[in-house]
Structures are given as C-alpha cells and as structure tokens.
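For Tyr140, Asp203, the entry in Swiss-Prot reads S-adenosyl-L-methionine binding site, with the evidence type sequence analysis. According to Swiss-Prot, the feature active site, proton acceptor maps to His241, an assignment based on sequence analysis.
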Amino acid sequence: MAVDKEVELHAQAWDHALSYITPTALSAAVELEIPDILEDHGGLMSLSELSAASGCPREPLYRLMRFLIFHGIFTKSNDCYAQSPLSRVFTRENLGPYMLMQATPVTRSPAGLSGEALKTGTPLYLKSIRGEDSWNDPAYGFHMRAFTNGMAAHARLTAAAIVTNYPTAFNGVRSVVDVGGRHGMAIGKLVEAFPWVRGIAFDLPEVVADAPPRKGVDFVGGDMFESLPKADAVMLMWVLHDWSDDKCIEILKKCKEAIPTSTGKVMIVDAIINEEGEGDEFSGARLSLDMTMMAMTTQGKERSYKEWVHLLNEAGFSKHTVKNIKTIEFVIEAYP
C-alpha cells in the first residue's frame, strides 16, 4: 500500500515534536526500578505482580509499559512482561543511574538549548534561569547524588570497554593518574583488571575527601590547572569536553609535564565526532552529547578528529594514536 508522502512527513514531524517523551518515560521506568525488578524476578511478570513490586498503580503502569513495549524497550507475552536485551542495559549495574542523571529537572530543562541561549552563548541550563550556578544550587533541583551515581555508572562501563577492547592499554605502565577521577570508580576497575598498575585518583580536595578506600588506588587532591602527580601515564576520561580549546591546551600541557618524556603517555578517553565517512553505531549518540554540552556549558563541546589533533599539536605532543573501544568514547593516546 502506497504511503502518501505528505502524510509520512506529518507523521515524522509529530514523532519529532513528541520525541522527548520516550526518554522521559524510560526514566520513569528506571526510577520505578522496572528493569531491575524484571531482572531479579528472572521471568515473566503479570501487571499485578509488577504493580505490587514497583509500588505503581496498575493503570498508569499499564500505559507506561504499553508505550515502552511499542518502542522496543520491554517485551510482552501472554499479558505478562519481561526484559528485552535493551531493557537490561538500564539496570542499576548498567546505564540505569546515568539515565536518572539525565532525568533531573536541570538536565531536562529545554531552556539550555533554546534559541535565546544559542544567541547569547549563555546556557540557561546552568546559569541564566536564576542567575547562579545550578551545579551548586540544590534548591533548584540538580540532584548531586544522581549526578555522582550517573557518572560512576558511566565510568564503570567505559572502564569495562577499555579492559575488553584494549587489553594492552597498560602494558609497560606502572602508574596512572586519573584526572577528575572523583571516587575512583574508573581507575579502580582498571587496577582490578591490570593489577601491576598503581592507580591515582586525582580530583579537587573536597571530592577525594569523601572517597571510600579502593584497593590499589591512592587519592590525591589538587588543581589540574596547577600541577598533577607524577606517573607513567595520565588519563583524562570525559574531562576535556567540559572545557574550551585554550583550557584544554593548558590541561594537556600539565599532563605532559607529569609523565616521562621518553616513555610516558596521556590517555584521552572522550568522544570523536565523525565528520567524514560513515561513522559507527554511536555516531548519533556522540552528536547528541555535543548538543548536551552546548546546553550545559558555555565553552565545552565534543570534538572532531581534526579538532583533537589541533589541541595535541598546540600542547606540544609529537605523535598520537586512536583506539576504538566499541563504545561512545575512543582512547586517544598522546606521546611527548
């Protein structure tokens, strides 16, 4: 049956206009712990069982699940619900906490990517709604616990991708500084997989002061714009995309000072925007991250390969390599 082109275009337009509903509904399911309830149950669950386990009344839960099943998140058989391979990715041990981080009132504010914000260069996401920095304003609603849990989930998954897809990453490396390492989730997972490495989680003093002990990881407080602990390698995981080119060059120069000239390396774990060729499964997500950075920050961004090369050259690195670790980030290794 032929589809009227005008009807098809209008259908696509409606999908775009209402597209924000899908992640919002998925966040609600994660908040209700639906993926974990189904995973822990280990099989099909009736609506009544799922309602009792989640504490959500039957009627809204039915409508929520109907929507998410349509979009391929969960499955249904004989009027009972079950996990799908996709919904398993949103359990508490996977991307569930990151999904909740993206569902806080500030992160979901459409004002950050408004026409006004783009014209003025001041993202309403953080500052212009109340004239102050919402990262430090709990009353506005940015839940720091959600942020911390979300970033920890991201760090855990990215570290696992490095272990699986780049098993030689730390050959010959005895010590690694994880800049912006917060509570050491990423470096802890890496040290666990590569036990000959001594990990150093480096972050602001007030951040590392609250860090729980981790085997093989030392916590050091400081300022990355002043100096870094000496080590064989320095890792920057999801750090440089927060900063302008000039600030990135400053940070990279400090990293270069912290490693041995002949054998050291800086490991940048960050997205690379594809502007040439076909890209991969994560190309769309990386572009979405760039929109997020434009909404969140005044100068942060995701960068193309050419933009990364420019930063490395300006910071004085002589060569670099790029490793695809089959996730949203790559590992860019820069050598003095």
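Cβ coordinates come from backbone N, Cα and C, glycine included.
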Cβ atoms near His241 (active site, proton acceptor) (within 10 Å, other residues, all chains): 21
DSSP-derived structure type at the residue listed as 'active site, proton acceptor', helix or strand or else coil: helix
Cα distance (Å, whole number) from the residue listed as 'active site, proton acceptor' to Asp203 (S-adenosyl-L-methionine binding site): 16
Neighbour count (Cβ, 10 Å) for Asp203 (S-adenosyl-L-methionine binding site): 22
